């Protein structure tokens, strides 16, 4: 008879994933958090500064299948080390760009090396962001999986909050030459984040649960392409993919462009950082509450069907509070958006595993996050175009926020109500006990 056992090493592995996600979040937002300094430092326009974020999403989409394949083919440890290594290369290339002179007439060298470094570092993100459901399925029991997934997944959002607070301190938005401080800081952080990954184990000596035993077996036996095909042919999963992708797209867009959205109304970069941080900190609280609750109740669908409409409702409210001299109102609404949206995050990732079981969790996570990044790219382009329309301020409207609210309602709040799939993994575990 198989003896199921939990090992303390699971916490060290989870810590490593969190640290790597924090590092990648800082690299991602290095430039868009201080857009004025970045624009002058790179001698580039607003679009090229926004492109530093967009490149992260595009590279993610390309590398997500590669990360999923590496998890299944070479194991967690090698995949983490590979991702951390390319992040280090990209981060240091960005730092070395500081030593190339840049002027309005000759900005090519610094700009190109910066973008190359950003693309390489961006390719590392799926190796950290896709892993939590897989790691939780292999190392944690059914009473801790959702919490583990929550901690690993929201660490990227935690990084976004920290980056928006810390980067404007490290880099003075009015002194472009201080961009070198941020690029050096993120390069060193990327090296530090690699160290724990060197000591992460691929798998526990014995599985913590029946489904973990199957997950370990699938890692060695089922080709990643087979898992991917099974996942994408599941209609209920595709419905969840649209919902999840919309939430991720909205969050990434707001995180990337919050300074751009609020600057016309007189808010500083630091104040925009407070808005973003408020959303993320409240989100961490929401996820911190929902994770353990779901581990006990297993009500994945109920939480998603409650949290998504509420997050959408407050996104609509954001349209009306982004005004001159409405700092407190913006802060309050951002808090509620973050709380409900993040509460849904771990539930949605675990619901995807339940819907697609017995397919390996790496497949569902890779697809969900990749689709979310694709939606973010689309949203960033559209919002950037809408933001340039002078009509917005003259009539007291904010077209980008209106667009995001409509998208969240149509592709988030409505389709989530049609997810009815049973909890296949929980049912299988109950049958085997």
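Cβ atoms here come from the backbone N, Cα and C positions, even for glycine.
Matching 210-233, 330-353 against TrEMBL, the residues noted as transmembrane segment span 330-353.
Against the transmembrane segment (47-67), the recorded stretches 79-97, 109-129, 306-324 differ in Cβ pairs under 8 Å, and the greatest number is found for 109-129. Remote same-chain partners of the transmembrane segment (237-261), defined as residues 6 or more beyond its termini with a Cβ less than 8 Å from a stretch Cβ, comprise 29, 32-33, 35, 46, 50, 53, 57, 157, 160, 164, 231, 269, 272-273, 275-276, 279-280, 304, 308, 311, 315, 322, 337, 341, 344-345, 348-349, 351-352, 355-356, 364, 367-369, 371-376, 378-380, 383-384, 387, 398, 400-401, 404, 407-408, 411-412, 415-416, 418-419. Taken together, the residues in the domain 'Major facilitator superfamily (MFS) profile' (9-424) have a mean pLDDT of 86 on the 0 to 100 scale. Below 8 A, the CB atoms of the transmembrane segment (400-423) and the transmembrane segment (273-294) form no more than two pairs separated by six or more positions in the chain, fewer than 3 in all.
Within its own chain, the transmembrane segment (12-31) has Cβ neighbours under 8 Å at 38, 42, 49, 52-53, 56, 76, 80, 83-84, 87, 90-91, 94, 118, 121-122, 124-125, 127-129, 131-132, 135, 139, 148, 151-152, 155-160, 162-164, 166-167, 179, 182-183, 185-186, 189-190, 192-194, 196-197, 199-201, 255-256, counting only residues six or more beyond its boundaries. If you count C-beta pairs under 8 angstroms between the transmembrane segment (79-97) and each of 109-129, 182-201, 273-294, 330-353, the highest count goes to 109-129.
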